Amino acid sequence: MRAGWAEARPWQTNVALGLIGLGMIAVARQLVVEEDHYVLGHAAVSCVHLGLYLAALLVVWLRPANVDRWTFGVILVVAVACRLVVLFPPPVGSTDVYRYAWDGVVQHAHINPYRYVASDPALAALREPNQDLYDSMNRRDYAHTIYPPVAQVLFYLITWISPTVTAMKTAMMLFEGLTLWGLVLMLREMGLRREQAIVYAWCPLVMWELAGAGHLDATAMAFIVLAFLFRYKEKPGWVGVFLGLAFLTKFYPIVLFPALYRRGDWKMPAVIVGMTVGFYAMYLSVGKMVFGFAGTYVQEEGMESGTRYFLLSLVQHVPGLHGTPNGVFLGFAAVVMLGVTVWAWVVATPKDAKPMAFLRPAFGAAMALMLLFSPHYPWYVAWLVPFLCLMPNLPVLAYVGGLFYLCTTAMAVGYGPKQYLLNEYLYGTVVAAVIIEVILRQTPWTRGWFLPSTDDLPVLSSAVAP
């Protein structure tokens, strides 16, 4: 079968992708309909979207040499079309984007966005001209904004153009374009075809959560990819700039520091520290309130009690281990992340390390963080998709795709038995994917689908340019 596909012509690849792409556009339109009224249900729509995505990946994977100059155009047109379908309707599945726009509006009134909750009487004059933002915002009665200072600067700049959700979603789509551009450049440097960028461009989780919901993670992902580019080019100062921007937008990218650092370099850490001090100084008029809702959020999301951590809950279901405390799990998590740091120090930081040696430990740090802290919001794992684009592997695809689908089902209800069941399915799928990939790598007639592990090119051979 693989040989038959391999003998096909590029136009057949383009036609196949075009037909799948038309299906994706139709699914994106159906998603908008489902947000207005129930027809098929979000679970059915996400299942179809995920199936079309996997079919597209198989077309590119099984026919890597059968592309031409039009193939990437097909990928790009479909990616843009799907995002335009979800741009103008209300955000999909989340109202966070209303808070982004509100924070920008508050700053334009010369008020520190960390000072007041949205319902505070001091902001009453801002409500009437921005009633749609205020009415749709979550946690408006008790939560100060949680978003870090670079995010606040972005909110200010975007709302300076237009204080609307559409403008905010448009900006996030432009950041997505920056991410895609960076990934194409990275693929070229790795000797891979640019068509492999379909892994990111057509990912349904990315379409729904970044373009559809306008989540801020789109900006952090763009900064991360640019940090990768400059790390490859060995420009540590710029690595610091973009990793610093990513960190001061969403916090979690700081786990990439050990992989992106180069021994003996002082520029990268100095830039990050300087940016952190400088950007927080812009908002320090409120003192400790500059950290916003973070402390309450830790409690609300079960991080302090441990209820959000699936691996801890899994251990607590073992007879005799019911009373395992959260502190033990956090200690275990610290040991795992320390192990990843040591791995990065050995593999990626030496001055004679190969240019792409940082990718594996960076990917490892990102994936370890997600598996340990088991986020139950799908957009929290969106930043894994650029890694997946550069280093395709079945377990991470199963994790991203599985969480995307399961979060549209009745199991996605926060905490409790249903959330535990969701994670059982999700982590079980990842384990099964690991076993399947190991078998494929060891089976004689599928072993050739994979490249030997190298520091420069840790990806599937199906994506390698001739």
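Glycine residues also receive a Cβ, built from the backbone N, Cα and C atoms like all the rest.
Taken from TrEMBL, the feature transmembrane segment covers 12-32, 38-62, 69-88, 170-187, 199-232, 238-261, 268-286, 328-346, 358-377, 383-408, 420-440.
Count of Cβ pairs under 8 Å against the transmembrane segment (38-62): among 170-187, 238-261, 358-377, 383-408, the largest is for 383-408. Only pairs six or more apart in sequence are counted, and the transmembrane segment (358-377) with the transmembrane segment (170-187) gives fewer than three Cβ pairs under 8 Å, not enough to call it a contact. Sequence-distant residue pairs (6 or more apart) of the transmembrane segment (170-187) and the transmembrane segment (383-408) include at least 3 whose Cβ atoms are under 8 Å, placing the two stretches in contact. Ranked by Cβ pairs under 8 Å to the transmembrane segment (383-408), the stretches 69-88, 268-286, 420-440 are led by 420-440. Within its own chain, the transmembrane segment (238-261) has Cβ neighbours under 8 Å at 147-151, 154, 216-217, 219-220, 223-224, 226-228, 230-231, 267-272, 275-276, 279, 337, 340-341, 344-345, 348-349, 358-359, 361-362, 364-366, 369, 383, counting only residues six or more beyond its boundaries. Within its own chain, the transmembrane segment (268-286) has Cβ neighbours under 8 Å at 112-115, 148-150, 152-153, 236-237, 239-241, 243-245, 247-248, 257, 260-262, counting only residues six or more beyond its boundaries. Beyond the transmembrane segment (420-440), the same-chain residues lying 6 or more positions past its ends with a Cβ under 8 Å from any Cβ of the stretch are 310, 313-314, 371, 374, 376, 393-395, 397-399, 402-403, 406-407, 409, 411-412, 446-447, 449-450.
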